[in-house]
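First up is the structure itself, then whatever we jot down about it.
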Amino acid sequence: MYLIAGLGNPGSKYEYTRHNAGFMVIDDLAKKLNIKVNKLKFKSLIGEGFIGDEKVILMKPSTYMNDSGKAILDCFNYYNLSAENLIVICDDIDIPFGTIRIKKKGSAGTHNGLKSIIYLIESQDFARIKVSVGQNDKYDLKDFVLSQFSKKEFEVLEKEIDMSSDAAIKIVEENVDYAMNNFNGKSVI
């Protein structure tokens, strides 16, 4: 079983902000897998289904970004999951726009959602799919990640979202290394 968690903030105010790229990928993945993400459980909206024979839980934590680890920990405890069964999808401001980056494990960097998860599950050993949301050199970081995309940027983001949901499927079907080799370094621009 895999828990695939897309990070973001709940509510229409944040729906199309840069910080909600993880939620957008979960929505796309749910469409591709015909899974309804509409059940309230684990401080989240979740949906359950399968990728091949592997059970998956798609999750959109409703705890707000900085407390994402609370929702994931609740699910971990309920299903007795380990870090190897977790895929986290989140926004990233450090990789080139038009790309995604898959990592097998690692630190949180500046991402508070990842910091919360690492702290609460006490492990950095989980896969993550980082979705580029553009690079910021003009604005306060908080203002930037809570801003919306321009129409032109959103067209690029939609391609990144499609690639990210495909990558999540390949991680489950194959493994993280396979997904890294097939998606890292590719640009949708």
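Every residue gets a Cβ built from N, Cα and C, even glycine.
Quick look at what Swiss-Prot annotates:
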type	residues	note
ACT_SITE	His19	active site, proton acceptor
BINDING	Tyr14, Tyr64, Asn66, Asn112	tRNA binding site
SITE	Asn9	site 'Discriminates between blocked and unblocked aminoacyl-tRNA'
SITE	Asp91	site 'Stabilizes the basic form of H active site to accept a proton'
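Recorded features from Swiss-Prot, shown on the structure.
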residue : record                                                               : DSSP (3 states)
Asn9    : site 'Discriminates between blocked and unblocked aminoacyl-tRNA'    : coil
Tyr14   : tRNA binding site                                                    : coil
His19   : active site, proton acceptor                                         : helix
Tyr64   : tRNA binding site                                                    : coil
Asp91   : site 'Stabilizes the basic form of H active site to accept a proton' : strand
Asn112  : tRNA binding site                                                    : helix
Taking the Cβ of each of the recorded positions and counting other Cβ atoms inside 10 Å, which one has the highest number: Asn9, Asn112?
Asn9
Packing count at Tyr64 (tRNA binding site) (other Cβ atoms within 10 Å of its Cβ):
19
Give the maximum pairwise CA distance in Å, whole number, for the residues Tyr14, Tyr64, Asn66, Asn112 listed as binding tRNA.
16
Near Asp91 (site 'Stabilizes the basic form of H active site to accept a proton'), meaning Cα within 10 Å, which of Asn9, Tyr14, His19, Asn66, Asn112 (recorded positions)?
His19
Euclidean distance between Cα atoms of Tyr64 (tRNA binding site) and Asn9 (site 'Discriminates between blocked and unblocked aminoacyl-tRNA'), Å:
5
Cβ neighbours within the same chain of Tyr14 (tRNA binding site) - under 8 Å, at least six residues apart:
Gly8, Asn20, Leu146
Please list, in sequence order, every residue of the chain apart from Tyr14, Tyr64, Asn66, Asn112 whose Cβ lies within 8 Å of the Cβ centroid of the tRNA site.
Asn9, His19, Thr63, Met65, Asp67, Ser68, Gly113
